[in-house]
Amino acid sequence: MTGKVPDAECAVTIRAPQCTKKVLDPPPHIRPVDSNSGARGEESPLLAQSMASTGASGGYILPAPARARQSPRFAAANQGLRWNGSVLSKRWWSRRIRYYVPIVGWLPNYKIANLAIDVKAGFMVACLLVPQALSYSSLTHLPPVSGLYTALVPALIYGMLGTSRHLSMGPEALVSVLTGMVVKNQLKHLYSAYKPHAPPESAVDEFAVAVASVVALASGIFTFALGMFRFGFLDSMISESSLRGFISGAAIVVLIGQMRIVLGLPAPSAVHSTPWHDLKYMLSHLGQTHVATALISLGALMFLRFLRVTKKQCKSAQWLQNVPDTLADYEVSVFGTVDGELPSFAIPQIPQYVDAKDVISSGITITMIGVVESVIVAREYASRNHYAVSSNRELVALGVSNILGSAFGAYPAFGSLARSKLNDRAKARSQVSGIVAALLVLVSLLGLLPYLYHLPLGVLAAIIVDAVISLLTATPRAIVFLTRVQAWADLFLLVFICVCSVVASVEAGILLAVVISLVMVIKRSNMPKIKLLGRSTSSCEFRPIDSASAVATPRRHDSSADITGQAPHDVEFDEDDESYEDDARVEHVEGVLIVRVEEPLYFANAGQLNARLNRLELYGDMRVHPSEDPRMKPTRAVIFDAVGMSDIDGSALEILLSIIAEYGQRQVRVAFVRVCPHVRVLFERARMEQKVGGTYEFDDINEALAYMEDHIAGPN
């Protein structure tokens, strides 16, 4: 806290004494502990981290059971294997197993009273999962039974390893589209190998299943590796605008492909075509619409949309909310004969005529979109139901599910937003609901398929179209929001990625979404956060110049970094401070560049530090375009306010030393203010002051200014 003397010069400040916290006496059941107890060989309690600090000498901790009081049985139970001098007890192994295999932790404590609720939720999810699995298999160019395999094996594995109680594992629309693109691209090689004849249908199905299994294996291995190396934070690396643009583009691509089936149009002769060509084909062949197929398909679609709207309007009718959206579709009528049998185990092999590099890279691309959607859904429903999920453990569960699923003929499986929403609406209590849904898929696989012989393919296409329309409902709201807040860059990104997905391909859309998001992250992390400071006309304080009219007075002006041992990462502002005047102006200190560093410096953001300093030195404001004429007077001194620079790595330190040396060659003096102890030690080790002349012992900007005036004005 800084007080001001009315008639004193600006360089004179008065600091009030620091406040000290009163330490209350501990409760009777808490005993004091001496900080030197470890040196005397005394016991080290498990709750030592809960010590309430009373200064440098010691504190208070909760009592811990003495080792001498442990019973022989307790001591024997905690004996285990010795590894590098430490004891790995049974409790240690038990905790690790419960952590990495969650079913071992929650199943023994499962309440039987929740079983009926979980079974009901699993039944509701299965009523949506089975028709989706059969429908989505058409997106992947695989036999319908492959969709059921994808809904069976990965869901069972995830039920044992997943941490989310509501995430529904299985085939997903966008992932199915991406898998279908890969299979379709590889089918070109198979057809080329059989020219001038067409390959047998059995060979096409076998080839497609093999390609999809390899994609699932590649996706599973990559996802598993991300989880094991703790890359769970990557789900937030894709911007919301990029993700929404890709989802919208992929949804439109699915609509184009499925509307041809809904209208009963013949399939195009080309094996490989872009979504844009498919759209032109559909529009040019509207005259060949099969009326009966179109009426049945559109009728099913209208029924599904009507049921969704009715549910939304009648939320109080619980019985209506429990009706699965696709349950009534089973009674429509010409799906054909599909043999339902249990999947057999076989390690995926890359088939002949396949571009292995393309398949593996596509598996990694599919992982991007699948992981992002799955982790976001898991976090959302965990937050709604007040339990925690781990992104890294979710990645491990998703990875293992796909690795084992690929060995049983499944294609990549991830979490579904629609089914997870239904699972949450059914009040699922645990992962048992997902396991029950998978078991019902098994029942459908063995006993239901013969009864679907008369189910028209147009109805399955209507189910896909209904799911895709749900994906598109959020896009108009996103566009309206971005327009309202005038986020033109995000709006352009959304539209651009959406158009590229439709005109070029879905793979191009997801690649652009990932690359542009990563470039944006790198660009922003590459720019050091620095502010040019000036002196306020109404006080002796220093404020940022580029936003002087909107910035209020900082609450902190003392060298708190020297007291706490750490530099604060940000500065709090008090807009209600009486010392702040709305008409106050912030002016440059002539010949002095005062720069506040607001973040730690490391190799990535320090690279642009010199360029940004040069721009501030010429124009005094980063908002001034470089084409303008320089408007600042020659710089004689530079003062770095290091209030936010709590750390600096070796590469950034070398860059900083070279900048100071360059200033020294131009006879420009450099000083640092409010350097935290850790950074000061690094400056001393680098011998900054002796080698390049940077001074870093100042606790106040006014103090550094006075020093600069004495040393600059003297020779003149």
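Start at 1 and count along the chain as shown; that gives each residue its number.
Glycine is treated like the rest: Cβ placed from N, Cα and C.
Any TrEMBL annotation is an automated prediction that lacks curation.
Summarised as a single figure, the pLDDT of the domain 'STAS' (582-708) averages 88. Under the heading domain 'STAS', TrEMBL lists 582-708.
Per TrEMBL, the feature region 'Disordered' maps to 23-47.
Summarising the annotation, TrEMBL assigns transmembrane segment to 145-162 (among others). Residues 100-103, 129-130, 132-137, 168-171, 209, 212, 338-341, 343, 378, 393-394, 396-398, 400-402, 404-405, 408-413, 431-432, 434-435, 437-438, 441-442, 444-445, 449 of the same chain, all 6+ positions outside the transmembrane segment (145-162), place their C-beta atoms under 8 angstroms from a C-beta of that stretch.
Marked as transmembrane segment by TrEMBL: 207-233 (among others).
According to TrEMBL, the feature transmembrane segment maps to 245-267 (among others). Under 8 Å from some Cβ of the transmembrane segment (245-267) lie the Cβ atoms of residues 138-139, 173-174, 177-178, 275, 278-279, 281-282, 285-286, 288-294, 297-298, 301, 369, 457-458, 461-462, 464-465, 468-469, 471-472, 475, 493-502, 506, 509-510, 512-513, all in the same chain and six or more residues away from its ends.
TrEMBL lists 287-307 (among others) with the feature transmembrane segment.
TrEMBL lists 395-414 (among others) with the feature transmembrane segment.
Taken from TrEMBL, the feature transmembrane segment covers 434-452 (among others).
For 459-479 (among others), the entry in TrEMBL reads transmembrane segment.
Residues or ranges marked as transmembrane segment by TrEMBL: 491-522 (among others).
A contact between the transmembrane segment (395-414) and the transmembrane segment (459-479) is absent, since fewer than 3 of their C-beta pairs, 6 or more residues apart, lie under 8 Å.
Counting same-chain residues at least six beyond the ends of the transmembrane segment (491-522), those with a Cβ under 8 angstroms from any Cβ of the stretch are 177-178, 181, 237-239, 241-246, 248-250, 252-253, 256, 274-276, 279, 362, 365, 368-369, 475, 478-479, 482-483, 604.
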